[in-house]
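Database features (TrEMBL):
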type	residues	note
DOMAIN	72-156	domain 'Thioredoxin'
REGION	186-219	region 'Disordered'
COMPBIAS	200-213	compositional bias 'Basic and acidic residues'
């Protein structure tokens, strides 16, 4: 049943009135402030900007802001120790889906400077992959404060499709609190995914066994 135009117009009018009242209240508050109040407000905002810029420079000095490959297990422990949020891609050159992840991770590394994005070849890290129980390639290990909080194993959490969007991966990382995600964590972003595929928030997984299984159909 269609909603009458009169009711829609009334709702729009009431909404506009509420917004106008909120704007008026903010303007009145600003008008009541004297020069000293405005100066203090300006100083606080400037201080916040300086603090944010200093934090960003600190992250950049630790290798944030770019998607990098590390060469050894020893490097992994050093990288994880100095950064609060880390996303590590355990990959293998012969696995096609690892190259798909590379593309998305490179974009997210630039966007989420608060998080370090690195990759490590599993063939160069037998001890670490055994310790973290990495069996399926590709696997993303999501670390907070030096501890592994969650895993993204293959593309299952991303819609079971090679055509998942960068926004889908961003949402999945946001579910693990490893990046500062500003979207809705309750629902994945709309995008390309296989018909009927199920996407859910996944808790930390244990990948048991030795050797590596590929998540690529053609590998």
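From the backbone N, Cα and C atoms, a Cβ is placed for every residue, glycine too.
Across the range of the domain 'Thioredoxin' (72-156), the DSSP-based residue counts are 36 helix, 28 strand, 21 coil. Summarising model confidence by region, the domain 'Thioredoxin' (72-156) averages a pLDDT of 96.
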